[in-house]
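Q: Dumping the structure here so I can ask a few things about it.
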Amino acid sequence: MASKEPDHEHREDEETPAADDEDTGAQVAPIVKLEEVDVSTGEENEDAILDLKSKLYRFDKEGNQWKERGAGTVKLLKHKETGKVRLVMRQSKILKICANHLVLPTMTVQEHAGNDKSCLWHAADFADGELKDELFCIRFASVENCKAFMEMFQEVAESQKSIDENKDASAAAESLEKLSVKEKKAEEKAGEAVATKEEKETEVENTGKPDNEKKDGEPASST
């Protein structure tokens, strides 16, 4: 009886397939050349003074309930020139803005009742492209992060008071300076007007003298 050849044995005439990743040395030029594009985030002139992961909620007045705005990173960004600070939060991965507003001197943040990892505050928010009065609630992974956020928020709000006071003082000084310049110009114009009037009066007096008026020391002609 003829024996059957095992399946795992290879025949001598079986060809070995070529490797798929064999380097042929050929160079293929790309069909489309992609150029590097600079993407602006709007944060180039700001420094992050706080950066924490969190989840944000807003209170829906119509539905009388909290609605999630998104989970991501909340930042406090300080402008390099003006010193103004704004709160910005973007959703993870898609980077959609879910909060964007200035931190003002009148703002206060308070701990959420019954949850020491969350806190609340009111703000005029611009995340949707128009100013809306919002009540926000933000939740952090730890109590420490929540406290750090609240402390920094309050510190920034306090610091904005001095900025506003300095601006008011500068504006007042500028107004006084402009007023002084106007008064000085008015005085100069008044002086010029008086000088012009005196010149005209002198000219009229000289013009009104009779021709036969004799100069001092000139003898009168005999008749």
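Even glycines carry a Cβ here, placed using N, Cα and C.
Note that the coordinates shown come from a computational prediction; the quantities given were computed from them, not determined experimentally.
TrEMBL lists these features:
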COMPBIAS  1-13  compositional bias 'Basic and acidic residues'
REGION    1-30  region 'Disordered'
COMPBIAS  14-24  compositional bias 'Acidic residues'
DOMAIN    27-162  domain 'RanBD1'
REGION    166-223  region 'Disordered'
COMPBIAS  175-200  compositional bias 'Basic and acidic residues'
COMPBIAS  206-223  compositional bias 'Basic and acidic residues'
Q: If I take every residue in the domain 'RanBD1' (27-162) and average their pLDDT values, what number comes out?
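A: On average, pLDDT over the domain 'RanBD1' (27-162) sits at 92.
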Q: Which residue counts does DSSP yield for the domain 'RanBD1' (27-162) in the helix, strand and coil classes, in that order?
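A: Final tally across the stretch: 20 helix, 61 strand, 55 coil.
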